[in-house]
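Undergrad: Straight out of TrEMBL:
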| type | residues | note |
| --- | --- | --- |
| DOMAIN | 1-47 | domain 'Carnitine O-palmitoyltransferase N-terminal' |
| TRANSMEM | 96-122 | transmembrane segment |
| DOMAIN | 174-754 | domain 'Choline/carnitine acyltransferase' |
| ACT_SITE | H471 | active site, proton acceptor |
Amino acid sequence: MAEAHSAVAFSFSITHEGWDVNFDREVLHLVWSSGFRSWKKRLWRFQNSVKNGVYPAPLQSLWATVGILVALHFAGVRLPIGLVGMLLPHLPSTAFHWQVVACFTVALSVWLAIIMVIRYTLRMLLMYKGWMYEERGRGRSISLKTKLWLLLVKSLSGVSRPMLYSFQGSLPKLPVPALDDTVHRYLRSVRPLLNDDEYHRMVKLAEEFQKGIGMKLQRYLKLKSWWASNYVSDWWEEYVYLRGRSPLMVNSNFYGIDAILMHPTKIQAARAATVIHTCLQYRRLIERQEMEPILIQGLVPLCSWQYERLFNTTRVPGVETDRIVHYADSNHIVVLHRGRYFKVLIYYKNRLLLPCELEVQMQAILENKTEPLPGEERLAALTAGERTHWANTRQEFFFKGTNRVSLDAVEKAAFVVSLDDEPFEFDQSRPELLDKFGRVLLHGKGCDRWFDKSFTLCIGSNGRIGFNSEHSWADAAVMSHLWEFVLTEEAMLAGYGPDGHTIGEPEFTPPAPTRLQWDFNEKALAAIDTSFKLAQNLLSDVDLRIYVHDAYGKGFMKDCRLSPDAYIQMAMQLAYYRDAGKFSLTYEASMTRLYLEGRTETVRPCTIESAAWVKAMENKNSNTEERIALLQTACKVHHQGIQDAMCGKGIDRHLFCLYVVSKYLEVDSPFLKEVLSEPWRLSTSQTPHGQTNKMDLKKFPKCISAGGGFGPVADDGYGVSYIIAGEDLIFFHISSKRSCSTTDSSRFAKTIEKSLADIRTLFLDYKSSRQQKVKNEKKTD
């Protein structure tokens, strides 16, 4: 076959006439280019490692230190503390050049010592989190302590522009909360869910745990926190994600949707080429560390560790546990179209292909009329099925030969692109189209997404886009950052001509896509079919509703002097109570990236205060003032819960790690077992945006993603993701299971709509009554 011949760079044979050598210059050139690019990347990494290692000091400061010390030494000033004079007797002579060597050695040592002092001082300063709890604005000012802290952090953060990983050495470690505090917070969080007898039983279990095995588990956990860079993240990745044996599709992977208010081109190949090129530019920013770390309030850095595995990463299945494999470099992507796989080179002569050149490659794939090989069309269903089945199948049928070569091409790709053969549609008057859009991205056909890859770009036949992302390698905020960058760059650069094609002309004929080959016997085909049938059952059970709330947005919420996130969470508490007739354990994802290698923490929006407000809303005898006061209190408590979670004072990660320690020690804890077995029937998450400094919604008001979503966590629960897309726009992605008789995503969407409307009416009535009261007082005066 042509593919097999092109894989041979050279060959030789010995004849009676001597050596006979044949070689393919193009393949040898590709090998040379790949090696050259790899060494260039190693050099960049080394240079960036040096810069990050000495940040916040610029490298130029070293030469300034050397120059000053040399000048002082030869001027007769013995600084610092005579170190140069102490070092000279140990050198071969006291000649001029050896004196310079001594000065350089001392200057380097002093310079490094100063840098280490600065970095550790900055780390100690970043441990302070009092600034998060201080209210700002509306006549309030921060404390003197926080002002001094801000001044010190700013002065020690350096004047040079930070690179992506510049602050990694200065970030503090995630602290282990006090056991008593965590148990106390936990008991408060479950009080609205339990009756008196159940609550007293839980209090008794908690007290026995605190006085018994809990103290021992806490000591082991503190020991780990001293030793490990983060006491949670490795166990969280291992036990929550990688050891899970259930399918990734729907259960773990999440999706993201296009900026649906924009439609820059309807040409599939052109949109795919532009998005691919932008993603590769983002990869280059990460590799060269030219992207700045995210700084809260422009000062406090977030951990950038998760960006390392955004590209060139795959999740490899195992019988008992999976593993994340990240490749240092990849010069190709894999494109999936109509059940066929194509390897597409993205570099030519050490240059990244331009969008117009990538469009040629995408169009060639779309025009390719070959049929899928036996089993090829449903191959990706293996990544959608049970993990142990996929691991065994991989070991038996993908260990060597043609299948191994092709699987390596997929797994070592920078990412996977799926050119779908159906449109991704949006019409405000036809909400079912957006629901279908979400389902296509969440699970597709069950066999047209490579669910193991860090992410799969999905391009609809009408040019709309989305993605499906694996979850173990990082959290949704990192993928959202990439997605925001893609949409923003596309809007700002206007890379399409009037005809919808990419701007520019190819400078050469780009490398043709290579069709990947597969060879499956009957047993392998049966294994693929088993996963496909499971995937079909799973995706057919998904009930997804994407609700577009445009009656009002964060503008009105801020006018009510409430946090928009707390406002929405309270609306969902009210909606769930109306839908289910009871309260439920509620999960809201928060982040701990203020700490080294931090990932997420759980906020529990269902609180004593939120329950009191919900009951007041459902009580016809309660008045407006009472409801408003209870809502304000509930929002305040919720906001503090988010602050606690971000500052390492969460409940669930601490209890989870204590449970892991108990399993290692082979001891049972009834308290921990009950805590970890509680189902999250309402799992929520807010999609962040505004992570790129280029985003200008005033200039490009339509340039914002419709967010994304995920499947339900519990069989009888809801998964709700939302994005506050503007002053008057919120997207809710609501998922549940059709097989559950007590849940209905469309019904819950309507309940959320009504709850949001009722809260707005509540505040309008309150404002009207206050105005009327003022008028009456004026008349009385």
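Easy rule for this one: first residue shown is 1, then count along the chain.
Yeah, the Cβs are placed from backbone N, Cα and C, and that goes for glycine too.
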Undergrad: Report, as numbers and ranges, every residue of the chain located at least six residues beyond the transmembrane segment (96-122) whose Cβ falls under 8 Å of a Cβ in that stretch; write 'none' if there are none.
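TA: Cβ under 8 Å, 6 or more out: 54-57, 61-62, 65-66, 68-70, 73-74, 80, 83-84, 87-88, 153, 156-157, 169-170.
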Undergrad: Can you give me the same-chain residues 6 or more apart in sequence from the residue listed as 'active site, proton acceptor' with a CB-CB distance under 8 Å?
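TA: Counting only residues 6 or more apart in sequence, the Cβ neighbours of the residue listed as 'active site, proton acceptor' under 8 Å are Y241, L248, S252, N253, F254.
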Undergrad: Would you mind giving the whole-number mean pLDDT across the domain 'Carnitine O-palmitoyltransferase N-terminal' (1-47)?
TA: 54
